[in-house]
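K.L.:
In case it's useful when we look at the structure, here is the feature table from Swiss-Prot:
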BINDING   GLY46, PRO47, PRO48, GLY49, SER50, GLY51, LYS52, THR53  ATP binding site
REGION    420-482  region 'Disordered'
COMPBIAS  442-476  compositional bias 'Basic and acidic residues'
Amino acid sequence: MEEWVEKYRPKSLNDVAGHNKTKESLIEWIESFINGQKQKPILLAGPPGSGKTTLAYAIAKDYAFDVIELNASDKRNKDVISQVVGTAATSKSLTGKRTLIVLDEVDGLSGNDDRGGVAEIIKVLKTAENPVILTANDVYKPALMTLRNSVNLINVGSVHTNSIPPVLRKIALKEGFEIDEKVIKTIASHAGGDLRAAINDLQSLATGGSIEVEDAKELPDRDSEKSIFDAMRIIMKTTHYDIATSATRDVKEELGTIEEWISENLPKEYLKYKDLANGYDYLSKSDVFLGRVFRRQYFGLWRYASALMTAGTALAKEEKYRGFTRYAPPAIFTKLSRTKGSRQRMKDILKKIALKTHTSTKRARNTLDYMVVVFESNEAVSAELVEYYELTKEEIEFLTNKTIAKNIFSVIAGKKPKVEKETPKKKKKAEDVVPIIPKRPKISEPPKEPLKEVIEETVEKTDKKEKEKKDPKKQATLDSFF
């Protein structure tokens, strides 16, 4: 059975439900392209089922463009994008029509199968002569950071709940079955702004043979792909406990990540110092509970951390703040991406120290702190440390600076014996030969001793021994034993 989503996909922008501003922007963009004005590619960003791909196909149909699409089910690595997209971006189709290139779900590019895909897309976009439309569910993924600078971003919001029932009625009429108005409204409310999900639910009920209100109420809520930006808006704007705690329930992010988002955007929303202080106070208490979860491995504390960071932050303000606030991803994520190389170099240094000291890299960091002090104060000792831990000049420059690294390695170079190159011996001239006169060995003079006293002492001892032999009755003295 054909899916109704494809069967009743709008063929024209006029048939697309809602998105009036987005449609106007797309019309202006495509007409400028047709008139010869160079335009940046369009990136349509929005939740699943909001109609991003439908908008791309509808505008292609309205302006008679052929479509070449690569979606998440296709392999989209560097070679595929270069061959398929790269060729299509600079040529016409076989029918002579202009070509619209659609790259669907570019935020899904990941893993070995899509290696190098984003970089190749950016390269293709710079030379593209045909219009390109990209779609993404989460445009703020780190992998798309460089891509965002090469496109015009258009946010496509969820389809309004009131725009879904007319579409469902139209499909039911064409399929030839009657449906109660309450059933239509129930399906629409469960869809959570996802028109595609609403159509699939309608088809599911119709093929099941029962289209009653009770059956519609048993449908699962489809708001499972709620954006982190929606969660931020709810938490920052509401003053109700239940609404705040449910804001992150369907967001597929860890609590630690949500905490970073709230911490980043609190100062953007809370303009009163008291509100801001109260908000960070609740957030700090949430962080304490998160720490206890990991330290004790008791995950029952999750709910306390979640309530403190959502409801606690929401109720920290005295009243709602009106007006639009532009929320942003945590700056720490961007910083971590930028400092990835530096952190890897530090890991390599710590591994060398840990290997020599037979400790962990965590303990090696304490050793490194003292080593840096030595590097900056004592070049001789530093040279020995560098040789022992087998550190490179680049690593010392990373820890200190180029001057200190140069001085330390100069000391190391001075300790090594110089290997002189052998030069061919020249024949010496007669006048260059210097006669070598061997030095006479020094004759050491005997120590001056009182010779007379030595002789007299020897004679006296001899006479004494002879006398003792002649008189055996007399007891010998102890001197005879020596």
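Any Cβ shown, glycine's included, is placed from N, Cα and C.
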K.L.:
Of these binding-site residues, GLY46, PRO47, GLY51, which scores lowest on Cβ atoms within 10 Å?
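P.N.:
Minimum Cβ neighbour count within 10 Å, taken over the binding-site residues GLY46, PRO47, GLY51, occurs at PRO47.
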K.L.:
Which of SER50, THR53 (the binding-site residues) has the most other Cβ atoms within 10 Å?
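P.N.:
Ranked by Cβ atoms within 10 Å, first place goes to SER50.
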K.L.:
State the count of C-beta atoms found within 10 angstroms of the C-beta of PRO48 (ATP binding site), not counting that atom itself.
P.N.:
15
K.L.:
Over all shown protein chains, what is the count of other CB atoms within 10 A of the CB belonging to LYS52 (ATP binding site)?
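P.N.:
Around the Cβ of LYS52 (ATP binding site), 25 other Cβ atoms lie within 10 Å.
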K.L.:
Note down the number of other Cβ atoms within 10 Å of the Cβ of GLY49 (ATP binding site), including every protein chain shown.
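P.N.:
The Cβ of GLY49 (ATP binding site) has 23 Cβ neighbours within 10 Å.
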K.L.:
Other residues with Cβ within 8 Å of the Cβ centroid of GLY46, PRO47, PRO48, GLY49, SER50, GLY51, LYS52, THR53 at the ATP site?
P.N.:
THR135, ASN137, VAL156, SER158, ASP194, ARG196
